Structure formats: structure tokens, C-alpha cells
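The following features are taken from TrEMBL:
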TRANSMEM  33-52  transmembrane segment
TRANSMEM  64-86  transmembrane segment
TRANSMEM  107-125  transmembrane segment
TRANSMEM  163-181  transmembrane segment
TRANSMEM  188-208  transmembrane segment
TRANSMEM  228-254  transmembrane segment
TRANSMEM  275-300  transmembrane segment
TRANSMEM  320-344  transmembrane segment
TRANSMEM  365-385  transmembrane segment
TRANSMEM  405-425  transmembrane segment
TRANSMEM  446-469  transmembrane segment
Amino acid sequence: MAVPTAKSKRQRKIILVDVSVVPEQRASWSGKLGFVLAAAGSAVGLGTIWRFPYLAAHYGGGTFIFVFFLFMLTLGVALLVLEIALGRNTGKSIIMAFASFGKQYRFVGMLTAAVPFIIASYYGVVGGWVTRYMFAYAAGMTKELADGGDNFGAFISDGPQSVAFMLLFGAITFIIVALGVNGGVERANLIMMPALILVSLLIGIFTLTQPGALDGLRYFLVPDFSKFSLELLIAALGQTFFGLSLGAATMVTYGSYMKKDVSVTSSALQTTGTTLGISLLAGLMIIPATFATLGSANAVAKNSGPSLMFLVIPEVFEKFGRIATGIGFVFFLLVMFAALTSMISLVEACVSILQDTLAWKRRQALLVTVVVLSSAGIIVTLGYSSLSFIQPLGEGSTILDFLDFMTSSVMMPLGGLLMCLFFGWRKKPAVLIDEVRLSGEFKRAGLWGVMIKYVAPILLVAIFITSVLKTFGIISF
Ligand code: TRP
């Protein structure tokens, strides 16, 4: 054996040093199921279980559902394919994904890169409320929660208590993300998503067997096209975006972890299908039971604002008597799972943006994300107590309302629009079509191109303009 010379020793050293600066290798989902569960986990969240049923109740049930399905299966799937293909093609999160088409395009991703940070700041707050309800049911506070809103009001205006629950919800998310893409994110979805589907089926069947529920079911499902309106159209479009986590960097990041042999089109379809299925189940859990309790469609529509979940649902459950506490606990556990899997996707998107853009290590990116999101979350939470004088959207509005408006109505449609214009007109859809074809057929590529070039931009400009005008009271409908 040759005695190592000074030179070879030095070479060895150099190699060792080199190894230590090699960037961390990009993780990937273990297979298609891993991707679809994670993507569906991101999509199915408070938007699906809380927002969708109250929007459906508000806009006349079946008519809204019909339009929503139409948007999800056309625009929704098309944009999902775009985001996944963009992520997989570049192997990067949003800013660097655009930068890989030329440095000058970085800015296209910048606007969208801010979205997961902002959404996560307020999403965690509502996640904290859900966590608190779950614990309150576990402690048997069934009667107190059904007191028409006093308990809820007292809770959200109690700064320290609501901050504590927000941080608890955040901490669970951060721990899962810290465990990595496979060991944390993928595994958590593998456990929580099937549990969520099973439990929502069980609760759905149970509430449908309650007296009076069938009238509610009819109201929920049968379309009445006289209820059709421009406002309904905008709401359904907004729900498609929020519900599928589009225009927010999340699906690009999840796509960047997808292996080249997993089909983009069928993954996008399965993700959308799962989201639609759980949206319907959530509606079945909530609307017929609420209908049976409140007695009429009008009463449901009147109570169909955001308060539906935290005020009306506990009242509905209380009527179930002895099993009320159990049902309440299981229901809020399920909502918490849904919220967690979405929050995980938001945090993962933040981490991968910092990691890719600033060439940081995952740990460092996570640490900064934790600090930023926790601080922002505290401010949003206190918007209901000591900071309630901040009312950015006018009398009675909160910081949370403002951030929700900025992201859902302004930044997400705008980000989506930029993405469509970029791949429809600047770069031509062929780049992404080729990417999709790497892993299977793309029979509807032509139609997809038309969606990206024409249909999506027109619809997105429409939501953007109308929702901004409406918020500032320039138009009303
Ligand atoms: N889609 C989730 C829900 O319905 C929330 C969500 C997660 C989200 N990631 C997102 C919304 C990105 C918009 C953008 O609750």
C-alpha cells in the first residue's frame, strides 16, 4: 500500500471540503400516492371544510356547486398542471423556477413568493381556533361552545389564550416540516388524509340520518338557476383558486419534488377529484344538519358566513344529546387534520423559497420561517384583541380580513395571471407540454394551451377587477 504523500493528503482534504459545500440534494416523493396525498392535503383545508359549505349555503346550494365543479374541472385542473409541470421542469420553487428561464423573469415569481408567507400568517390563527375547539370538546365543554357565540367571542378576544393555541398549531406544523419532505410531510399526509376521508364519510352518513336532513340535502344539491349571479361566479372562481392552493407557490414547490416518471395529468386530476369529493362530503356533514336544526333555507343562508363553523355547528351538535361531545371532538379533530396538512404545504413552500433563492440550508430556512410566521401570527391574532383598532378594510374589519383579501382577491389571481401570460405568450406552452409528456400522454394539450392563453387570463382579470371594485364599494351586487 502506498504511503500517502503530502499531495494526496491535500487532495483528500480538498475532496472532503468539497463534499461539505455540495448543496443538499432535492428530496422527492416516494411515488404517485405520496404526491397526490400531499397535494390533496394542501388543497383540502379550511377552504374546503369551512369556506365551501358556507359559500354553497350562501349562493343557493346546487347552483353554486354546479359552477364550482365546472371551474375546478377546467380552469382548476389546467392551472394545477401548469404549476406542477413548472416545479418539476425546473426542480425549483417559484422564484428560481422563473429565474431559470432568464434572470430578468425572477420578478414574475417574487409576487407569488410572498403569498405563502402571508397566508400562513393568518391560516395558523384559524388553525389555532380549531385546535382550541378540539380541546374544548375533549374537556366536555359542549354546552359552553353552543352558547350562540359568547364563548367564541371571549376566546378570540383573549390575547394570551388565543396566541397560545396559534403557537401550538404552528409548532405541530413546524415539527412535521422539520422532519423533512419524506419523513415529515409525506408521512403526515399518509396518515392524516385517509383518516380525514374516513371520518368525514362517517359523520356525513350520520348527519344525513337525522330527522329533517333530507330537505337540507335537496337544498344543498338541487340547482336553482334563478340564483345564478355574477357574484356567484366570482365566488366560485375564488374558491377554485383558494381550494386548490393555486397562485401561491405551494403546488410549484410540491411539483418540484415530483419524480419524472409520475404522470402530471393524472396526479392533477386525482388531486382535483379528491378535493371535490371532500368538498361535497363537508357540505353533506354541515348543510343538512344545519338545515334540520335551523329549520329553513333562509335561516341557513343567513347563518352561512364564516361564523357557521364556530357558532352554528356547536349548536347543531348540541342537539345530538349524549353523543354531542364525541361528535364535536371528532369533527374538530378532522378539521384540524385538514388545516394541518394545508399549513404544512404553506410552510414547506416558504422554506423551499428561502432555501432555493438564498442558497440557504434547509435548517436555516426553516428557522427563519418559524420566526417570521410566529411573529406575524401573533400580530394577526392580537387583531381580535389589543390590536383590534387596526381595521384596514373599514369599520369592524380585522387584520386577518385584510390579509385574506390581499392574497385571495389580489395577489393570487394576479400571480396566476402572470404565470398564464408567461407560459401562454412569452415562453409558449410547449416547454411545459414537453415536461408533462415525459411521464405519459397529454391528449388535451391543445385545449390546455387555449385555457392558459385565453380562458384563464380573461377569467382572472374579471375576478381581480370585480373583487377589488366591490371591496372599495365602487360596485355592489
Ligand atoms: N387550499 C387550502 C384550503 O383550502 C389552503 C391553502 C394551502 C392555500 N396552501 C395554499 C390557499 C396556497 C391558497 C394558496 O384551506
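Just so you know, glycine gets a Cβ as well, placed from its N, Cα and C.
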**Message:** Restricting to CB pairs under 8 Å, which listed stretch, 163-181, 188-208, 275-300, 365-385, 405-425, is in contact most with the transmembrane segment (320-344)?
**Reply:** 188-208
**Message:** Quick test of the contact rule: Cβ under 8 Å, at least six residues beyond the ends. What residues does that give for the transmembrane segment (33-52)?
**Reply:** 68, 80, 84, 123, 126-127, 130, 182, 185-186, 188-190, 192-193, 196, 200, 239, 242-245, 250-251, 254, 257-258, 262, 267, 270-272, 274-275, 278-279, 282-283, 306, 308-309, 334-335, 338-339, 341-346
**Prompt:** Counting Cβ pairs under 8 Å that sit 6 or more residues apart, are there three or more between the transmembrane segment (365-385) and the transmembrane segment (64-86)?
**Reply:** no
**Item:** the transmembrane segment (275-300) touching the transmembrane segment (188-208) per 3+ Cβ pairs under 8 Å rule
**Value:** yes
**Prompt:** Between the transmembrane segment (275-300) and the transmembrane segment (446-469), do 3 or more CB pairs sit under 8 angstroms, pairs being 6 or more residues apart?
**Reply:** no
**Complete:** Per the Cβ filter (under 8 Å) with a sequence gap of at least 6 from its ends, the transmembrane segment (64-86) is approached by 39, 52, 55-56, 58, 97, 220-221, 223, 227-228, 232-233, 235-237, 239-240, 243-244, 246-247, 251-252, 254-255, 258, 264-265, 267-269, 271-272, 275-276, 279-280, 283, 416, 419-420, 423, 432, 435-436, 448, 451-452, 455-456, 459
